[in-house]
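A.B. asks: To start, I am sharing the structure in question, which I have written as structure tokens.
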Amino acid sequence: MCLAQCAARRLLAQVHGALKPAPKKPNWCWEMARPSSNMADFREVFAKAKHIAIITGAGVSAESGVPTFRGAGGFWRKWQAQELATPGAFARNPSRVWEFYHYRREVMLSKHPNAAHIAIAECEKRLRKQGRSVVVITQNIDELHRKAGTKHLLEIHGSLFKTRCTNCGNVTANYKSPICPALAGKGAPDPEIEDAAIPVEELPQCEEDGCHGLLRPHVVWFGETLDPDVLTEVEKELDLCDLCLVVGTSSVVYPAAMFAPQVSARGVPVAEFNMEATPATDRFRFHFEGPCGTTLPPALARHESEIIA
């Protein structure tokens, strides 16, 4: 990639680095033929790929029973996620926001990777032995890819199971259940339940020596910018890939919405696996409709040309 293209991409990352919805009609500036749903053709492309980038969204975890808090009915109590997942909401009512995230953490502790997560992890393990690479770039914060065994994982929106201190900035993995005594039994989503109104000093606190600052979930909230180091890694992997899969994502949240179209624009095959078409579908070479746990395993299974080590 030339220096001008690199500079342009970095500029896009700066402009669109904040988590926000994409326009209703993305202004893509390139045209392609209608995507194919021919699995045999995809498998031939897959067999030749050396560096595969897999971009995943909420749809890949839906079959694990993970609540998405998107669309109609996507409420926790009286609020939608967009009302709670903001710096302002946390500043105004950290107890309410922590109840919401505590509920999500507790739910996720009982969930397991589905066939799509496992297919990705097994593909990565198998291809690594052949000198080929797979990287997963996920918008999900549920860590199901990690549970499935994925090693090369970029979590662009953070993780439910990491905390960040609002005082010292320390980031720590945290799988405690409950995350603090005051949140035990709290966070039920019933709209009739009142907020627990937990005092700040009883909410999760930093355990670094002498700090005791208030912890927050280490996730990217609406209006916040993505970690520039993570974006740099994403950029590097997308520049390197010779095949890109977009799995279970609606392609309507920036900056992830532009990742695969940018890859497609430089001539790299992109395959979309989703329950329905998205605003970006026509920019890709392949589109496979249906549950990811059904469509993805045969797509990533061992090809007859692969040599078993």
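The backbone N, Cα and C atoms fix where each Cβ goes, glycine too.
So Swiss-Prot says this about it:
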| type | residues | note |
| --- | --- | --- |
| TRANSIT | 1-35 | transit peptide |
| DOMAIN | 36-306 | domain 'Deacetylase sirtuin-type' |
| BINDING | 57-76, 139-142, 248-250, 274-276, CYS292 | NAD(+) binding site |
| BINDING | TYR101, ARG104 | substrate binding site |
| ACT_SITE | HIS157 | active site, proton acceptor |
| BINDING | CYS165, CYS168, CYS206, CYS211 | Zn(2+) binding site |
A.B. asks: How many whole Å apart are the CA atoms of CYS211 (Zn(2+) binding site) and GLY65 (NAD(+) binding site)?
C.D. replies: 37
A.B. asks: Which of GLY65, GLY248 has the fewest nearby Cβ atoms, counting only those within 10 Å, among these binding-site residues?
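C.D. replies: Ranked by other Cβ atoms within 10 Å, the binding-site residues GLY65, GLY248 bottom out at GLY65.
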A.B. asks: Given the recorded Zn(2+) site (CYS165, CYS168, CYS206, CYS211), which additional residues of the same chain have their Cβ within 8 Å of the Cβ centre, ordered by sequence?
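C.D. replies: After dropping the recorded site residues, what remains is THR166, ASN167, GLY169, ASN170, GLU207, GLU208, HIS212, GLY213, LEU215.
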A.B. asks: Per DSSP, GLY248 (NAD(+) binding site) is which: helix, strand or coil?
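C.D. replies: SS state of GLY248 (NAD(+) binding site) = coil.
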A.B. asks: Using C-alpha atoms only, work out the spacing between GLY57 (NAD(+) binding site) and HIS157 (active site, proton acceptor) and round it to an integer in Å.
C.D. replies: 11
A.B. asks: What three-state class does DSSP give CYS165 (Zn(2+) binding site)?
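C.D. replies: SS state of CYS165 (Zn(2+) binding site) = strand.
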A.B. asks: Reduce the DSSP letter at TYR101 (substrate binding site) to three states and note it down.
C.D. replies: helix
A.B. asks: Within a 10 Å radius of its Cβ, which of these binding-site residues (SER61, GLN139) has the fewest neighbouring Cβ atoms?
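C.D. replies: Minimum Cβ neighbour count within 10 Å, taken over the binding-site residues SER61, GLN139, occurs at GLN139.
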A.B. asks: If you measure C-alpha to C-alpha, which of TYR101, GLN139, CYS165 (binding-site residues) come within 10 angstroms of HIS157 (active site, proton acceptor)?
C.D. replies: GLN139
A.B. asks: Could you check which of the binding-site residues (SER61, GLY65, TYR101, GLN139) sits closest to CYS165 (Zn(2+) binding site), going Cα to Cα?
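C.D. replies: Closest by Cα: TYR101.
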A.B. asks: Could you list the residues of the same chain, at least six apart in sequence, whose Cβ is under 8 A from the Cβ of TYR101 (substrate binding site)?
C.D. replies: LEU160, PRO217, VAL219
A.B. asks: Around CYS168 (Zn(2+) binding site), how many other CB atoms lie within 10 A of its CB?
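C.D. replies: Its Cβ has 13 other Cβ atoms within 10 Å.
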A.B. asks: For the binding-site residues CYS165, CYS206, CYS211, which one has the sparsest Cβ surroundings, going by other Cβ atoms within 10 Å?
C.D. replies: CYS211
